[in-house]
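S.K.: Just lifted these from TrEMBL, have a look:
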{"type": "BINDING", "residues": "G10, A11, G12, K13, G14, T15, R127, V137, F138, G200", "note": "ATP binding site"}
{"type": "REGION", "residues": "30-59", "note": "region 'NMP'"}
{"type": "BINDING", "residues": "T31, R36, K57, L58, V59, G85, F86, P87, R88, Q92, R161, R172", "note": "AMP binding site"}
{"type": "DOMAIN", "residues": "127-163", "note": "domain 'Adenylate kinase active site lid'"}
Amino acid sequence: MRIVLVGPPGAGKGTQAAFLAKNLSIPHISTGDLFRANISQNTELGLRAKSFMDDGKLVPDEITVGMAKDRMQQPDAAGGFLLDGFPRNVSQAEALDAMLKDAGMKLDAVLDLEVAEDEVVKRIAGRRICRNDSAHVFHETYTPPKVPGVCDTCGGELYQRSDDSEATVRTRLEVYHTQTEPIIDYYKAQGLLVTISALGEVKDVTRRAMDALKK
Ligand code: AP5
Ligand code: ZN
């Protein structure tokens, strides 16, 4: 299956993607994670992306689209993938369509995670991520690790993302409304959009998502 996950920052895209990718046996491709890996490895691409991310703005398409395409062309993605954080504006959605068309492929579904803004602000404020693996995501109060600051899964150190500050989150939400939300109508027009509520426990949201994707 080829699936796109959409939703505001903090909706739980990364959290759900980890479970959905496992259940569906497809790789989880997160452009945010790819950028963060490049930044921690001090690559040229990471250096170019960092200032945009720190400001909560979109990294320019000429950097993002090539990186996403390269990742989707890796052998593990040949049978399908779950995109998280890409596309993030209509021109990225058009670039993805063109790329899939050239390869004789198409998307199966676009899963839209719906959450109220006050809840995403709370989710982001309490988020803690493992330094060893970005799929190990916790929340200080909702899904706390057994030992504060330590990952339950691998014992790694938990940290708070630099773009999770209150001011940057405000910009990220604004960018979501103005630049990313238009892709919802774009995919609705293609008959691909599936919207679910992302409220409630993580496992309940996963079940809701799996049920919606089966239809
Ligand atoms: P990116 O990394 O994609 O961030 P985002 O879209 O802002 O999304 P988040 O990672 O903040 O949230 P999430 O929805 O994954 O939530 P999570 O599962 O962690 O992008 C970062 C930046 O990179 C962008 O601002 C941009 O600069 C750049 N970028 C990336 N892609 C780009 C692109 N295509 N084009 C241009 N620029 C791009 O959950 C949040 C918290 O809530 C966690 O603590 C979690 O434990 C908790 N939680 C999750 N589910 C639940 C639940 N059901 N109940 C309670 N708590 C929950
Ligand atoms: Zn870990």
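The chain as shown is numbered from 1 upward.
Even glycines carry a Cβ here, placed using N, Cα and C.
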S.K.: Under 6 Å from ligand 1 by Cβ, which binding-site residues from G10, G12, F86, R161?
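M.R.: List returned for ligand 1: G10, G12, F86.
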S.K.: Limited to the region 'NMP' (30-59), I'd like the whole-number average of pLDDT.
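M.R.: Reported value for the region 'NMP' (30-59) is a mean pLDDT of 96.
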S.K.: Rounded to a whole number, how many Å is the Cα of R161 (AMP binding site) away from the Cα of G14 (ATP binding site)?
M.R.: 14
S.K.: Nearest to K57 (AMP binding site) by Cα, among G10, G12, R127, F138 (binding-site residues)?
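M.R.: Checking each of G10, G12, R127, F138 against K57 (AMP binding site), the shortest Cα distance is to G10.
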S.K.: Rounded to the nearest Å, what's the C-alpha distance separating G14 (ATP binding site) and T31 (AMP binding site)? Just drop the number here, would you?
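M.R.: Pair distance, Cα basis, whole Å: 11 Å.
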S.K.: Between G12 (ATP binding site) and F86 (AMP binding site), find the distance joining the two CA atoms and give it rounded to the nearest Å.
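M.R.: G12 (ATP binding site) and F86 (AMP binding site) have their Cα atoms 15 Å apart.
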S.K.: Would you work out the biggest C-alpha to C-alpha distance among T31, R36, K57, L58, V59, G85, F86, P87, R88, Q92, R161, R172, the residues that bind AMP according to the record, and give it in angstrom as a whole number?
M.R.: 25
S.K.: In sequence order, which residues at least six apart in the same chain have a CB under 8 Å from the CB of F86 (AMP binding site)?
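M.R.: Long-range Cβ contacts: V4, I29, S30, T31, T64, A68, Q92, L96.
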S.K.: Please report how many Å separate the Cα atom of V59 (AMP binding site) from that of G10 (ATP binding site), as a whole number.
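M.R.: Each residue's Cα considered, V59 (AMP binding site) and G10 (ATP binding site) end up 18 Å apart.
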